[in-house]
Each structure stands twice: as structure tokens, then as C-alpha cells.
Amino acid sequence: MSDEELPDTFLEDKTYGYPRTFDPNFKGPVAKRSCTDVLCCIIFILFIIAYILLGLVAWVHGDPRRVAYPTDSKGHFCGQKGTPNENKTILFYFNLFSCTSPSVVVNLQCPTTQICVSKCPEKFLTYMEIQFAYRTNTHYWTYYSQFCKSPFVKPAKTLTQVLLDDDCPTAIFPSKPFLQRCFPDFTTKNGTLTVGNKTTFEDGNGKTRNAIELRTAANRVNKILDARAIGMKVFEDYATTWYWILIGLTIAMLLSWMFVILLRFIAGFLFWVFMVGVIGIIGYGIWHCYQEHSNLQGRPNSHLTIYDIGIQTDISLYFQLKQTWFAFMIILCLLEAFIILMLIFLRERIRISVALLKEGSKAIGYLPTTLIYPVLTFIFLSICIAYWAVTAIYLATSGVPVYKVISPEGKCKHENTTCDPEIFNTTEIAKACPGAQCNFAFYGGKSLYHQYVPTFQMFNLFVFLWLVNFVIALGQCALAGAFASYYWALKKPDDIPPYPLFTAFGRAIRYHTGSLAFGSLILALVQMFKFILEYLDRRLKEAQNNISKFLQCCLKCCFWCMEKMVKFFNRNAYVMIAIYGKNFCRSARDAFNLLMRNILKVAVMDKVTDFVLILGKILVAGCIGVLAFLLFTHRLPTMIEGPTSLNYYWIPLLTVIIGSYLVAHGFFSVYAMCIDTIFICFLEDVERNDGSAERPYYMSQSLLKILNEPSMQTKKH
């Protein structure tokens, strides 16, 4: 029997593998389902178990105190309770001039002795000055000795012996604590850089130094010190305006909700006003080019061509040629004609897209709980981010203190080799390299675990990306199931099943965890390759030539496009999973074929939706931004009194604007998923049914009117 002879209820699409005929019992997402992509589900669960075990192992071996507390040259924590350094919370560098690289200072690998102190030096003193002053007043030595390795009764050693034994600094400078480390107290007076009100000082080695040299040794550190005051002022502004920021974000949430609900009335108006504005702006551009072309008539050299004057650094020369304005006018005319023709020939598809936007707004009005779902997604993502960050910190701080030979001159052949600080002075290295030190470098080890810590960090990042994409996929599938229940309801809203979002969420977790994990795995792999490529680019930036840089840019572009493409197909595959309950590959294939058969509708729908959503986000963020600007700049004194004495009003202003944009993005992400789901259901409805009494459409009356076929009617009881 051929397909034409089969009854409608048994006809199935041989190419795309899912029923496309009218089914009188079809009432939305399929209820009878089976678990899909079980193998991927098992692999996903095993990865999560391994991820949990990795976190436990890292928790056993790691020590986050190594991040919270600075570490001296012997590997001891500064300020740790229950240790001799409990009251010594600040790290002090013996000779900051040896720290030529600011990053070396921050990473605690400066080639100088580092000890824990209770406070930073507040005055200029050298060891030689202390030896002379000690004869008349012992107070100076009492003050100076707190910056030595161990207490001494008196400064009996010579300067040479002090340098060899590395017991005390040769000089101390006025400093202030920052990031629990003593850094020079730089100030500027009358445009001159000073340290402790001095421009020059003795370094204790017989040399006269100036503040510029000291700043060169810690140039980037000084920038951080300058930023400290700004940071404190920013913190004060947040402390003053935090409740206003919360009020602004609350208003943004209400505006976003109102915008989504009102789109059923203003979607078409917004789109056509925008298009008329674009046509008008381009038309003005054409008129302006014509006016400029006419004004250049008769002017000397205006008849020359761009080829005649060649390449010029002064761009204004090109605007003195008639050919330039004529070319602009032709380009704008072609663009204007293209837009007008597209609006004429695609007007029906645009009408359908606008109607779907209105239908999406109506659906959210019937399912308001869907607007709360982004909060659940935010909680899940916060848990993933927190677990990843904590695991990364524990992995980074795993191991025992590793000490390496550091030479101030950098000429020792044993430089950067491991050493033991307890016996270093008795080894041959100390004799072969006078002045070399055995200082703490980092935390590590030689065990199997410590050798694979970088691999564990990569695993941590990969599973983190997989989990984040899975959480997003779960939200998309759950929302798609809820909105599909709305579309396929016989009589809206009476026939919408109870708790559609909760039901769709349960179906996604129970039956389709494997499929969602499969789709998120593909996306995580693409993103992981992007991270690796970016890492290699940063590490090998100086060693690259122009060809390798070009290839690197091409690869980045390819992976960026691939990521966008995978996200698009995954999103539509999740909609098909929510409706039919098939596995990921089949759902992705069905969604792809369905969209390719309606490629023009897809393109128009995508652009119209993007325009409306972007306009909505800008509208919400702009409204809140204007109100916040008027409030923080005290331009609403008669209506409401805003915060006073702000240091930087633009800090809370930017916070409110960015926060409002993110709030609007959360609301509109639900709306975008609603539109995608209704669009897929609409295409399915058109292909499954023909609008006759036997096979009516499920779509709403507003969509039926746009299709403009008198035989179409919605399904009746």
C-alpha cells in the first residue's frame, strides 16, 4: 500500500521521522516518554561524581590560608593564629630595590628576604646610622630590630657581616600596609615624587637613592597603591547608595515585566516605527549627499577622482570630491531600495513574526511563573561558579612549601634550583654564589597528585563549563515544555494543564538528562577549545610571527562562529525534545530540517525578535539610567532627595544601568525562549495540519487571520 492510500492517522514523514498528520489525541508535549541518551547520562553522572571526588581531594591537600595570608621567606604564614607570627600580619621586604619586576613582588618571588612584622616602618633609618645612634640612645635599635630576622641585644655586627648573614635590612623607608605587605609611602608635592617627604635618601649600602628609583622598582605596585584611595571612595559610594541601587533594580524588574506583557499591543507599532525611522534616516543621507554633490559643482579640483589623488592621510580631501559624495549617494540608494523591497516582499512573514511576538506576550501572561525561573537558573549557576572557584583555589594551594635559590645579581649557575633553607648556608651553593638566598617560591610537591594538579585544573574548568551549559539547557527545555503546553491547548487558557512549568521541568530531569547533557557537552568542548586557544595565544604572544597570528585569528573566528551555531541548534533541539521526547540527535535533525524548510521565516523571525528584545533592554536600562542620573546628581530635589556627598556618582549610576540591563536580559531570555517555542510549534502546526474541519490548526485566531485562508479554523471540542 502506498503512502497516498494510508489513512491520515497512520501517515508518517519518511524523511524527517516524526508524525506530521493530524492527530485528534495530540494535546501538546508527549506524556508517554522513555529515557533518552542513557549512555551520555551515565557519563555525565560519572563526571559529576569524579568532580565531587576531585573537590574532596583538593580540600584535603589544599590550604586556602596560603591565599589569605602572605608567606615569608621560610614559608610561614603572617598573622596565622596559634603561631609565633600571630600578631605579625604584614610582610616586609628587606631590599625592595631588588624587586625589579612588580609581578615578582605580588607573587612573593622577589630575590630578597621577606619577614613578618606587626607594623611597617614609619621613618628613614640605615643600619650604619643605628650603630652610631645606639651609643647614645638604645631606643633607635629597639625600633630598628623589629625588622630583623631575630632579635639582637645590640647592633654589634658590621655592615658586611649583616649583608652576608642577611639578618637585618641595610635600610628602612616610610611605608604603608597594602594587601598585607609593606610598600613605600609615595606622595607628590608640587609635582615632585617623594617618599616620607624626602626626594633622596641613603639605601644603607653607601648609595644615595631617590624616590623615582624606588618607584621604578615597584612601579605597578605604586599604581595599586594609588588605586587604594579610589577603591575606598568607591566603597563609600556603594555604602551610601546601596538601597537606591536595589530600588532601581526593582523598578527595572517591574518595567521588564510590563514591557513583556504590553508587547501584545505595541510589538507591531515598535517594529514599523523603527523601520520608518531607518528609511527616513537613509533618505536624509541620500538628500545630504545630493546637496554636497551639488555644492561642489564648479569648485576647482572637485572633478578629480579618488584614483587621481591616490592614498592620502588627510581624509577630508576625499570629501572635497564629487565622486565621493556620488558614491555615497549610490550606496545609500541601493540600501534604501533593498530595505523597501524586503519590506514589500517579506511583509507577510513580518506580519507573522509580529503576531508571534504578540502571542508570546500573551503566553507569558497566562504562565507568569515562567518569569521566576531565571532566579532558579541564577541559583544553580551561582552554585556551579562557587564550587569551581573553591576547587580551583584548593588545587592552587595544594602541596608543601618549595624553596629555590635566588641570587640578587642573577648570575649564579644554581639559580632557580630547589634548596633547603635549614642547611642552605652550609652547602656548596652558598659558597659558590655569595649573596644567594634560599627563599620560599611556591607550593608544590613531587607526589603523583601534585604532578597532575595542572591536569586537575583543566578538568575542573571543563566540568564547570559542562555544568553551566547543562543548567542553561535545563532551563530552556523546561520553559519550552511549558510554552508548548500553552500552544497546543485546545481552549486557552482553560485547557492549559496545571503547573505546566513544574511538569516540564520534571519531564526534562526524569527523561532527558542524557539528551541535555549531550547537547551541553558539545558546547562545552567548543568553549574549552576556545579557552585553550586563548591561553596559548597569551603564552606565545611574543614568539608569534605574522602568519601564526593570522592563523590564530582565523581559528578564533571559526570557534566563535561554531559556538554561535551550536547554541542556535541546541536551543531548537531542546524545543523538539520538550515536545516529542526524542533523543538529542534526532531532535536536532528534526529541528534543523524544519527550520531549513522555512528558512525565510526563520531569518525574518530571528531579526524581528532580536530587534524587539534589544530595544526592550535598552529602553529599560535607559529609563532607569536617566532616573538614577537625575537622582545621583541632585536634579530632583523638589520630588525626592537623593544620596549626598558622593565621590564618584557615575559608579552607582553604571551599577544601576548594568544591573537593570541584566535584569531585563533575564526577563527577555524567558520571552525569547517563548517566541522560539511558539515559532517551532507554529511551523509544526502548519506542516501537520491543513486547516480543514478534519485537520484544523491549533494556532490562535490572530495567527489564523494573518494566514488569511477562510478554510482555516481552530480545533473545536
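Cβ atoms are placed via backbone N, Cα and C, with glycine included.
As recorded in TrEMBL, the features of this protein are as follows:
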- 38-60: transmembrane segment (TRANSMEM)
- 242-262: transmembrane segment (TRANSMEM)
- 269-287: transmembrane segment (TRANSMEM)
- 325-346: transmembrane segment (TRANSMEM)
- 366-390: transmembrane segment (TRANSMEM)
- 463-490: transmembrane segment (TRANSMEM)
- 511-533: transmembrane segment (TRANSMEM)
- 611-632: transmembrane segment (TRANSMEM)
- 653-673: transmembrane segment (TRANSMEM)
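Long-range contacts of the transmembrane segment (463-490) within its own chain (CB-CB distance under 8 A, at least 6 residues past either end) are made by residues 26-29, 44, 47-48, 50-51, 360, 363, 366-367, 370, 373-374, 376-377, 380-381, 384-385, 387-388, 496-497, 500-501, 503-505, 507-509, 512, 516-517, 519-521, 523-524, 527-528, 570-571, 574-575, 577-579, 670, 673-674, 676-678, 681-682, 685, 698-699, 715, 717.
Counting same-chain residues at least six beyond the ends of the transmembrane segment (366-390), those with a Cβ under 8 angstroms from any Cβ of the stretch are 55, 257, 260, 460-461, 464, 467-468, 471-472, 474-475, 478-479, 482-483, 486, 492-493, 496, 500-501, 666-667, 669-670, 674. A contact between the transmembrane segment (611-632) and the transmembrane segment (269-287) is present, since 3 or more of their C-beta pairs, 6 or more residues apart, lie under 8 Å. Only residues 6 or more beyond the boundaries of the transmembrane segment (242-262), in the same chain, are considered here, and those with a CB under 8 A from a CB of the stretch are 361, 364-365, 371, 616, 619-621, 623-624, 627-628, 631-632, 642-643, 652, 655-656, 659-660, 663-664, 666-668, 670-671. With a cut-off of 8 Å between Cβ atoms, the residues of this chain six or more beyond the transmembrane segment (325-346) that come close are 275, 278-279, 282-283, 285-286, 289-290, 292-293, 296, 319, 600, 604. Outside the transmembrane segment (653-673) by six or more residues, the chain places 238, 244-245, 248-249, 252-253, 255-257, 259-260, 263, 360-361, 364, 370-371, 373-374, 378, 475-476, 479-480, 483, 571, 609, 613, 616-617, 620-621, 624-625, 628-629, 632 with a CB less than 8 A from a CB of the stretch.
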